[in-house]
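Only one structure is covered here, and it is reproduced in the block below.
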Amino acid sequence: NLIQFGNMIQCANKGSRPSLDYADYGCYCGWGGSGTPVDELDRCCQVHDNCYEQAGKKGCFPKLTLYSWKCTGNVPTCNSKPGCKSFVCACDAAAAKCFAKAPYKKENYNIDTKKRCK
């Protein structure tokens, strides 16, 4: 679920940036998404959005699905049984790892999406 996703982000980025910093970033980080991603981090969010969309098509509710995972050496690892829990966990873990690798550009936080996300 979204709280677990926030915790995964903290795991992967070693707590270096609050999870909420990603909630209003670029064109895809946060609710909804459209246009061309503004950078690598925003692309991580676009991929995550697409993953959640696929989960929804499988009958899952990714924002609410509780799953089992652990943080080992700043790597989020899923240990849920196959099905919605495993699928959603994999979406979140991949995004958290992607976030940890991508540079965070302050100028892409809280942008005017109407102008920049076409």
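First residue shown is number 1, and so on along the chain.
A Cβ is built for glycine as well, from the same backbone N, Cα and C atoms used for every other residue.
The record in Swiss-Prot lists a disulphide bond between C44 and one of C91, C98, namely C98.
Site annotation for Ca(2+) in Swiss-Prot covers Y28, G30, G32, and the matching candidate from D49, D92, D112 is D49. C78 (disulfide bond) is 19 Å away from D49 (Ca(2+) binding site) when you measure Cα to Cα.
The Cβ of C51 (disulfide bond) has P62, A90, C91, A94, A95 as same-chain neighbours under 8 Å, each 6 or more residues away in sequence. According to DSSP, C89 (disulfide bond) is assigned to a helical segment.
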